[in-house]
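Reading through the structure tokens given below for one structure.
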């Protein structure tokens, strides 16, 4: 009976500790944001739908995290809760950041003031607050001893979060209106975006479910192979997309949407950025492969051995 009482107190602390308070602020800010936007009842373009999805998704999952940790069910979940938690928090920070940039760009117009702009400005303000709150939680997770464990908390894991997030933004720009149906090379680029995105999602599932032991060979070799394949595929998309997509046709704009040519340019920039991220992921993975060997060689030359050198460098 005393054990149950202490467990209850510990569950209450999940809401009253600093990280619990930050999560409650995240839920409040995202709820206020999508409530302000939904109250207008405007017809939304693809970019505005992305913003609404970002706020609703972050709000819903934050509530689930609060509920699970307040009840104390995280140890009974069929997943690696720490991997899931850090992954979601990084996604939420990126989602709210993108919404805080895209929403005002497409809804706050450079024209005479109107009362509807108050809603847009207020929604943007609370979206920025939500982004700050999620960024604070990411910082708290990485600076709290014992909080950061698992693959998703490492540099390659965080880079894969950025890779899939950029792919999501590309899908938003590429779908409304469709800008990949003018040439077969553009369809190849879409296939590259989809394939690399799905590949990273499979890696996420394996890591969060801690199922890497099911793989037929060492997981680090598979991860490096997938990253190398993604670099090669994105290299082709980086060349083909601007080569076959830009022409001298006029810029078509609808309402507050981006012009077609602007979306094509945005996709080009995002493709280059994602290629750089994949390259950084590959370089980091390869360098981590050779680092133990280099330490072993240096340890033999200095006569200290690998463990002595490792302890000395630490």
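From the backbone N, Cα and C atoms, a Cβ is placed for every residue, glycine too.
Noted in TrEMBL for the protein shown:
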- 14-146: domain 'MARVEL' (DOMAIN)
- 52-72: transmembrane segment (TRANSMEM)
- 84-105: transmembrane segment (TRANSMEM)
- 117-136: transmembrane segment (TRANSMEM)
- 151-290: domain 'MARVEL' (DOMAIN)
- 157-179: transmembrane segment (TRANSMEM)
- 185-206: transmembrane segment (TRANSMEM)
- 226-244: transmembrane segment (TRANSMEM)
- 264-284: transmembrane segment (TRANSMEM)
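Under 8 Å from some Cβ of the transmembrane segment (185-206) lie the Cβ atoms of residues 87, 152, 160, 163-164, 167-168, 170-171, 174, 179, 212, 214-215, 219, 223, 226, 229-230, 233-234, 236-237, 240-241, 243-245, 271, 278, all in the same chain and six or more residues away from its ends. Non-local neighbours of the transmembrane segment (157-179) in the same chain are 45-47, 50, 83, 86-87, 90-91, 94-95, 98, 150-151, 186, 190, 193, 196-197, 200-201, 203-204, 207, 230, 245, 252, 257-258, 260, 263-264, 266-267, 270-271, 273-274, 277-278, 280-281, 284; each lies 6+ residues outside the stretch with a CB under 8 Å from one of its CB atoms. Sequence-distant neighbours of the transmembrane segment (84-105) (same chain, 6+ residues past either end, Cβ-Cβ under 8 Å): 26, 30, 33, 37, 47-48, 50-51, 54-55, 57-58, 61-62, 65, 77, 120-121, 123-124, 127-128, 130-131, 134-135, 137-138, 141, 148, 150, 152-153, 157-158, 161-162, 165, 169, 204, 208. Counting residues 6+ beyond its ends, the transmembrane segment (226-244) has Cβ neighbours under 8 Å at 156, 163, 182-183, 185-186, 188-189, 192-193, 195-196, 199-200, 203, 264, 267-268, 271-272, 274-275, 278-279, 281-282, 285 in the same chain. Predicted-model confidence for the domain 'MARVEL' (151-290) is 81, expressed as mean pLDDT. In terms of DSSP helix, strand and coil, the domain 'MARVEL' (151-290) has 110 helix, 0 strand, 30 coil.
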